[in-house]
Amino acid sequence: MEREFIAERQKGLQTYLDVITTHHILSNCELVKKFLDPNSYSVNYTEIALQHVSMFFRSEPKWEVVEPLKDIGWRIRKKYFLMKIRNQPKERLMLSWADLGPDKYLSDKDLQYAVKLLSSCSHPYIYKVTFVTASESSALVIRPFSEKGTLKDLIYKAKPKDPFLKKYCNPKKIQGLELQQIKTYGRQILEVLKFLHEKGFPYGHLHSGNVMLDGDTCKLLDLENSLLGLPSFYRSYFSQFRKINTLEGIDVHCFGHLLYEMTYGRPPDTVPVDSFPPAPSVFVVSVLESILTCEAMKNGMPTVSRLLQMPLFSDVLLTNSEKPQLKIPTKLKEALKNSKECIEKRLTEEQKLIHQHRRLTRAQSHHGSEEEKKRRKILARKKSKRSAYESGEEHSAKYSNSNNSGSGASSPLTSPSSPTPPSTAGASSIPPAPPPPPLPPAAPPPSTEVPVQPSPLPAVSASRGALLSSIQNFQKGTLKKTETCDYSAPRIS
């Protein structure tokens, strides 16, 4: 219980928590969130998911649960189950149940209609949805289960059914994909992003775990996430940069993370990225530089069309001939547009708060630093010396002026200084020096002559009064005329 020991342990614990919370996967782990904020994460979401799924099976008896897939995803409020159809026991499907998130801005009616469109969507790079339904609080989606897993499973050499932390948090071998795979997969993902942007369908949830592999083809998963208002996997990254404020910009930023992961076999340590390790092609680095560098964060994200024109993807040939199809009614398009604007507005407000907090934190850390404290002490010392010097100068100046105002050093500091002679003839408007209190008051002076009252003041004051009186009573007409002999003219002999 020694204070020094406790302080040392507190410092060590803080360092430990800082490392965990800056690790992207660990910071989203349910155990970490429960430890840091037990009140907000006290609900058992697995039980809630089982209740909703059981209610669903009452009205849909053809489905059957094979087993729960525990913790295969990173979301706390999203649970997975391995499914099968009763009359097709060999076919495996995956059911995902999710709570509605903070960015859910569609009405319940529009949400029901929008998720139903997903089962009718047809695109070579969008993973098929078998069944989908939504309620006022959650949504349920059933898709075919892939034994090969996602693009993230391919990069990390992981098994799809293993828990998320075990698969991706500490990989045994870090190795990127081959250049041709990077080019092909990147081009396919950009094509489907361009398609969704043109349709006005918000996505914002691109990461390697949401890309399913079907042979050599990439197919996007979880298009329903933006409709349900769920937060993005990379939200903690792009919420730091105010130039990334649209869902199109978010998709491009997330594509940068995905391309980095495909190239180097792991996500970037920090964003923005200052320098990139050697890559299979300089064209890969040029794409990454346009998305993940500090300059890109300041200037904004490039468009998907611009990325498709870059040398890394422009020469990739796509073999799929399936015609994309996603028909969105006009009324729903308007609702999706409004929802997209609300999502972007909330992001902008969050970015503003983060920016203000960072400025405040920087100011506090700057003013609390040892260097700043020393600098302030030195400035305060200099200021006090300067003020002391100035006050000393002012005091000596006052003392000097008071001594110079009279001819004797015995004049008090408070004695009045001599009045300035008037510049006009109205000299009578300025009275003489007032007499001391013991004497009777003097009579009003006439307009032409000012008598000098006898005064017990020292001779200096009396002579000064006489001088003033003679100046005031001076008359030009009393001067004698003089004759001047001018010798300045030339003399001629």
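Placement of Cβ uses the backbone N, Cα and C atoms for every residue, glycine included.
Feature annotation from TrEMBL assigns domain 'Protein kinase' to 5-360. Here TrEMBL flags 356-365, 374-386 as compositional bias 'Basic residues'. The region 'Disordered' feature in TrEMBL is assigned to 356-493. Residues or ranges marked as compositional bias 'Low complexity' by TrEMBL: 400-430. Annotated compositional bias 'Pro residues' per TrEMBL: 431-457, in sequence order. Among the features that TrEMBL reports, domain 'WH2' is placed at 463-482.
Taken as a whole, the domain 'Protein kinase' (5-360) shows an average pLDDT of 93 in this prediction. Counting residues of the compositional bias 'Basic residues' (374-386) by DSSP class, helix then strand then coil, yields 13 helix, 0 strand, 0 coil. When DSSP labels each residue, the compositional bias 'Basic residues' (356-365) comes out as 10 helix, 0 strand, 0 coil, counted as helix, strand and coil in that order.
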